[in-house]
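Chemist: This is the structure, below, for whatever I ask next.
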Amino acid sequence: MDFIRAIILGIIEGITEWLPISSTGHLIIADEFIRLNQSAAFKEMFDVVIQLGAILSVVVLYFHKLNPFNKLNPADKQKTPREIQLTWRLWLKVLIAALPAAIIGLPLNDWLDKHFYHFVPVAFMLIIYGVAFIVIERRWVPNHEFSVMDIDRLPYRAALYIDLFQVLSLLPGTSRSGATIVGALLIGVSREVAAEFTFFLGIPVMFGASFIKILHFFKNGNSLNFEQFGVLLVACLVAFGVSMVAIKFLTDYVKKHDFTFFGKYRIVLGIVLLIYAAFKAFLG
């Protein structure tokens, strides 16, 4: 039965990790109705490490762009020195941008999980960023031109600014992709570049978060049995496959549409969560 739950959770992770609707928020909701029959320590680790499947999809889909020594496609010759230089610069921007979230997130991670990993905080963050998306798309974007239309032209300073918004996503319900996209739009980065840079920015952040959770899991005296390993592996594989589809969907979507729909979705979901939390509290 846990393997079926792992498949469902993998689907949820694969969809919500890349769309700006908060994967953590959706996993909190899912945990209310689809609980793994495992220890609390394993479930805490599972909710983070499942992201490995999602982030590996980025590495696979964008391998040609992320690997400075790879061919652009099978028919191309080796990358030119200029293309190699641009790839290394992209990695430097990603690493620079990941620093604030790492510096602030590492010491605060456990405290934030303890105090904000609940329905009500998640609901409020869903609503707040939902409103932010709608306001930015309807009020800010129409009055400001996009100044960065190519990821290779993204300034280092802009990359750092975007990650300062990613720091806000440490609060469950915010959405890592949502926070970085909001930040990118505010500083004049196009929707396409904002989405793509968000994908890349997730690589060090999510690998790092998964490594830390695994380390804490074993450091606290826990062990991983064969069934738990299988459940985690299945969830990661499903998240990987679904993420491939979700990423392609988002990259195509932002070419023709803005993020208003996601803002509305977040607001509706946040309100539903608040009603559910109030109803649950009323029933005791």
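Quick reminder: no glycine exception, Cβ is built from N, Cα and C everywhere.
From Swiss-Prot, here are the annotated features:
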- 7-27: transmembrane segment (TRANSMEM)
- 44-64: transmembrane segment (TRANSMEM)
- 90-110: transmembrane segment (TRANSMEM)
- 116-136: transmembrane segment (TRANSMEM)
- 167-187: transmembrane segment (TRANSMEM)
- 197-217: transmembrane segment (TRANSMEM)
- 229-249: transmembrane segment (TRANSMEM)
- 259-279: transmembrane segment (TRANSMEM)
Chemist: Do the transmembrane segment (44-64) and the transmembrane segment (259-279) share at least 3 Cβ pairs under 8 Å, sequence separation 6 or more?
Modeler: no
Chemist: Output the single range from 7-27, 116-136, 167-187, 229-249, 259-279 maximising the number of Cβ pairs under 8 Å to the transmembrane segment (197-217).
Modeler: 167-187
Chemist: Six or more residues beyond either end and a Cβ under 8 Å away: which residues meet both conditions relative to the transmembrane segment (116-136)?
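Modeler: That would be 20-22, 24-25, 28-29, 32, 171-175, 178-179, 182, 185-186, 259-260, 262-267, 269-271, 273-274, 276-277, 280.
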Chemist: With Cβ-Cβ distances below 8 Å as the criterion, list the same-chain residues six or more beyond the ends of the transmembrane segment (167-187) that contact it, or say none.
Modeler: 17-25, 28, 100-101, 104-105, 108-109, 112-113, 116-117, 121-126, 129, 132-133, 136-137, 140-141, 158, 161, 193-195, 197-198, 201-202, 205, 259, 262, 266, 270
Chemist: Should anything in the same chain at least six residues away from the transmembrane segment (229-249) have a Cβ under 8 Å from its Cβ atoms, list it; otherwise answer none.
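Modeler: Those are 2-3, 5-7, 9-11, 13-15, 17-19, 36, 38, 46, 49-54, 56-58, 60-61, 199, in sequence order.
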